[in-house]
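One structure below.
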Amino acid sequence: MIKITFPNTSARNYAIGTTPMQIAESISCRLAEEILSANVNGEMWDLSRPINENASVKLYKWEDFEGKRTFWHSSAHLLAESLQELYPNIHFGMGPAIENGFYYDVDLGDGVVIKDVDLVTIEKKMQELASKKLSISRQNVTKQNALELFGKKGETYKIELISKLEDGKITVYTQGNFTDLCRGPHLPNTSYIKAIKLTSVARAYWKGDESRKQLTRIYGISFPKKEELSEYLALMEKAKKRDHRRIGKEMELFTFSHKVGRGLPLWLPKGTQLRLRLEDFLKRIQKKYGYQQVITPHIGNKTLYIASGHYAKYGKDSFQPIHTPELGEEFLLKPMNCPHHCEIYKAFLRSYKELPLRLAEFGTVYRYERSGELQGLTRVRGFTQDDAHIFCSPEQVKEELIKVIDIVRVIFCALNFNDYEVQISLRDLNNRIKYIGSEENWKNSEGAIIEVCQEKKIKAKIKLGEAAFYGPKLDFMVKDALGRNWQLGTIQVDYNLPERFELEYVGADNQKHRPVMIHRAPFGSMERFVAVMIEHTGGKFPLWLVSDQVVILPVSENYNQYAEEIAKEFHKRDIRVTIDKRNEKVGRKIRDNELKKIPYLLIIGEKERRNSEISVRKHGKENIGIMKVTEFAEFLKKEVERQMSQWQ
């Protein structure tokens with residue numbers, strides 16, 4: 001018999017070779033119908049794969065992130081099998097699950113092109129194969145067998161992948177007439193996939209390398225119920241109207257350039273103003289809580305990230321090292337700010353009287369995201385984190401968590417993110433060996449997080465086994481106007497980096513002690529936060545934050561001078577104003593500036609100039625009426641003060 005322990009610490013005994021599906025069936029028939037994959041001792045697992053030793057087991061359903069990834073990964077294989085039947089000369093690249101759905105990169109051969117109209121035919125083939133309930137089976141193969149298997153098929157891309165794999169750790173999955181190189185896990189069979197939509201076709205270089213061949217990339221999404229697909233498509237129609245890429249272009253916030261590089265946003269003047277105001281907003285809040293700003297370089301010696309463990313984690317996702325010819329050193333574009341802040345802490349011998357030490361930075365970091373995963377500002381290769389690290393004694397952890405939560409809640413209130421959930425990630429108590437740090441510290445920090453949420457009356461979901469190996473964490477999941485969840489604020493307790501960097505402070509007992517490190521980033525990254533904020537508000541930012549609060553629309557160029565006089569008066573009062581001097585009809589000017597989401601449109605003509613007045617129109621609404629310039633300026637000032645009073 002083997003002992004199976006569940007996330008809630010309960011345990012049952014099962015026969016050796018029991019599968020996750022059999023475990024689910026022993027609990028309830030409904031659970032067996034709903035589970036999609038499992039996690040066994042930290043490894044993702046097929047439902048039909050035997051378990052031969054004592055294990056901690058989690059069962060994943062569609063509602064779980066891991067369940068969706070399994071579902072979409074199997075959907076990518078279903079797409080590949082369908083393409084194999086429709087295009088016999090096809091060769092396959094890679095087909096992963098992504099954040100919302102899946103894709104597969106394929107080489108169709110010279111002259112063969114898949115267009116959007118062809119997607120319907122491919123969808124029908126996928127639905128046909130799904131309905132056949134084809135079993136999906138896993139097989140361990142030797143490296144030589146894998147090379148022979150895919151070599152016979154002429155799968156050159158797979159051969160290239162296999163050549164870099166370690167022998168003894170290679171698996172293939174088969175469904176129907178299709179076999180793919182894959183780690184898994186996968187669904188038990190294709191019938192789980194009830195609804196499919198192929199969303200687009202694109203071109204992508206093999207492995208994201210522009211010197212390699214361009215492949216055809218087909219994107220799609222799938223669901224276990226047809227009504228879920230209908231709901232998703234309806235949501236996507238609404239989302240198109242709020243797409244941050246479209247609105248960002250209309251509002252002149254940011255752009256991208258292929259010459260600069262994919263996934264590297266360029267912030268335009270209005271977008272830069274927006275970002276700087278967000279940064280200033282957070283800096284002012286942090287100053288009240290005793291944070292000190294620091295600045296660190298964009299690169300670091302490779303040995304720094306080896307010492308921190310980030311190279312082991314992000315090495316494959318990092319850009320290639322930069323070599324210095326004279327000394328032979330290797331530098332990396334910074335993947336995280338944490339190691340740099342640890343070195344700042346180590347610059348001096350610290351006393352307990354200096355703690356907590358709170359270091360904050362808007363630090364730009366770099367990750368090599370695959371080209372297929374890049375999306376506007378939400379997935380980029382260079383992004384700025386509102387990073388801060390708190391170095392404190394174990395006794396100070398609870399108090400610091402309270403203060404960080406206060407900061408996060410102020411930010412969410414100020415920016416109208418009022419609907420959010422909180423998730424506490426704790427240890428797997430049945431697998432304590434994988435965690436670093438003393439039992440006492442873990443108990444104290446986990447207890448502190450739970451107590452803080454209770455004191456703050458935060459209804460938090462507890463996720464056992466979801467903590468990082470170096471400490472528990474608190475995640476804030478914000479729901480936007482379309483009902484989508486976004487992870488924005490994260491608070492992480494860390495015992496690992498202080499240990500790796502041998503951080504110390506001298507205690508009241510004159511002995512050296514190890515501090516605790518708390519990571520926090522309320523925005524997450526500036527790029528992603530701005531994208532979420534655009535889609536949540538539709539670009540209608542709070543008046544205190546928006547780049548242009550007012551636009552003046554002269555009905556003809558005869559009134560440009562009067563517009564300049566008004567703008568000069570507004571500038572004296574710190575009102576952000578622009579003038580639309582184009583030789584266009586006023587109706588066109590109104591429409592164009594409505595798209596830019598400028599809160600107030602001021603129309604001026606002969607009557608307004610003669611009486612030193614302005615005709616005021618609010619974005620998205622009819623005219624407010626005629627006002628004196630000073631009267632409107634005072635009105636605007638009070639509106640800004642009203643909004644800011646909610647969080648100052």
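Cβ coordinates are placed from backbone N, Cα and C, and glycine is handled just like the others.
Note that the structure is predicted; figures quoted are calculated from it, not measured.
When averaged over the domain 'TGS' (1-61), pLDDT in the model lands at 94. Positions annotated as domain 'TGS' by Swiss-Prot, on the basis of sequence analysis: 1-61.
According to Swiss-Prot, the region 'Catalytic' annotation covers 243-542, on the basis of sequence analysis.
In the three-state DSSP reading, His389 (Zn(2+) binding site) counts as strand. Listed in sequence order, Asn337, Cys338, His341, Cys342, Arg358, Leu359, Met517, Ile518, His519, Arg520 are the same-chain residues at least 6 apart in sequence whose CB falls under 8 Å from the CB of His389 (Zn(2+) binding site). Per Swiss-Prot, the feature Zn(2+) binding site maps to Cys338, His389, His519; the stated evidence is sequence analysis.
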CB contacts for His519 (Zn(2+) binding site) [other CB atoms within 10 A, all chains]: 24
Cβ atoms near Cys338 (Zn(2+) binding site) (within 10 Å, other residues, all chains): 24
For His519 (Zn(2+) binding site): DSSP state (helix, strand, coil): strand
